[in-house]
């Protein structure tokens, strides 16, 4: 999957990834340059075909994540790692390999699918930090997108505490967005439930399963001693114009960050994929051509017209910034947690320092 994505990548990219959500949408009204968006629909088609024939061993993959047991992995990988460490004179701590890049990430929704209303589902996402949740052997671990374990705690997820972890097979792996304000892990997707992997299942089935099983776990949505963080499933909606208008006029129990558009047939594939699209709510009208109701979600922020210029300027010093952050992290044990999208500006729109990578 990764090789195919790289082979099909076009020249547009302010970051290293094609249509990365770390950069602004190429079709913001103030910047209607003709970027290469035709490939996005073609890459969607090819990825859907590829996943029909490509069946990875996700049973063992999920087990390794749950048990942190990598026995049997290629010995050459370890030798390569050892050689790299011997050649590396930089004392900065390397990123962990095992739990990094395990989440399925989106691209900006540039090329609007012709079957958007029939074959796509939209999820309203809260402001927060993406987290890989692994509940296994009586403990629950939270990992960043980069693979750092930032918290371990008990939870009422299957396998997440000593009381309900009856067997080693009772493990759960979730894709979540953590809201520090609400002390809540909003469940975006499910990769494994009670030892049963769902990587090869279609999005509509994964969402159905997730929203059916989460309410069955009594107390999971409450903050208690044994469950110090709430786990709440995010709802999904059809992508018809009528549904989108209704969604954008709703009130949500969290601050809304943006919208994720999932193709119904998408399997859960770690890494960026054009089969998951990302838009900020105020972009729906311009990008999708849908008449939206006036309201807080659809009001364009002041920085919308300056976002592209800010990102470009910010990227010039990105490598230096990353080196400083990594060095600082290795010294004090704190690591940069990556946002789902561009955080709100805390300074005037013309300041390039106010934007961070997602």
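Yeah, the Cβs are placed from backbone N, Cα and C, and that goes for glycine too.
What Swiss-Prot says about this one:
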MOD_RES   1  N-acetylmethionine
REGION    1-160  region 'Necessary for interaction with XPO1'
REGION    1-39  region 'Disordered'
COMPBIAS  7-22  compositional bias 'Polar residues'
DOMAIN    11-73  domain 'IBB'
COMPBIAS  30-39  compositional bias 'Polar residues'
REGION    69-89  region 'Disordered'
MOD_RES   75  phosphoserine
SITE      106  site 'Interaction with m3G-cap structure'
SITE      145  site 'Interaction with m3G-cap structure'
REGION    210-329  region 'Necessary for binding to the m3G-cap structure'
SITE      278  site 'Interaction with m3G-cap structure'
COMPBIAS  315-341  compositional bias 'Basic and acidic residues'
REGION    315-358  region 'Disordered'
COMPBIAS  349-358  compositional bias 'Polar residues'
MOD_RES   351  phosphoserine
Provide, as an integer number of angstrom, the distance between the C-alpha atoms of residue 145 (site 'Interaction with m3G-cap structure') and residue 278 (site 'Interaction with m3G-cap structure'). 17
Do you know offhand how many angstrom separate residue 106 (site 'Interaction with m3G-cap structure') and residue 278 (site 'Interaction with m3G-cap structure') by C-alpha? 6
For the domain 'IBB' (11-73), what is the mean per-residue pLDDT, to the nearest integer? 63
Within 10 A of the CB of residue 145 (site 'Interaction with m3G-cap structure'), the number of other CB atoms across every chain shown is 20
Determine the Cβ neighbour count for residue 278 (site 'Interaction with m3G-cap structure'): the number of other Cβ atoms within 10 Å of its Cβ. 23
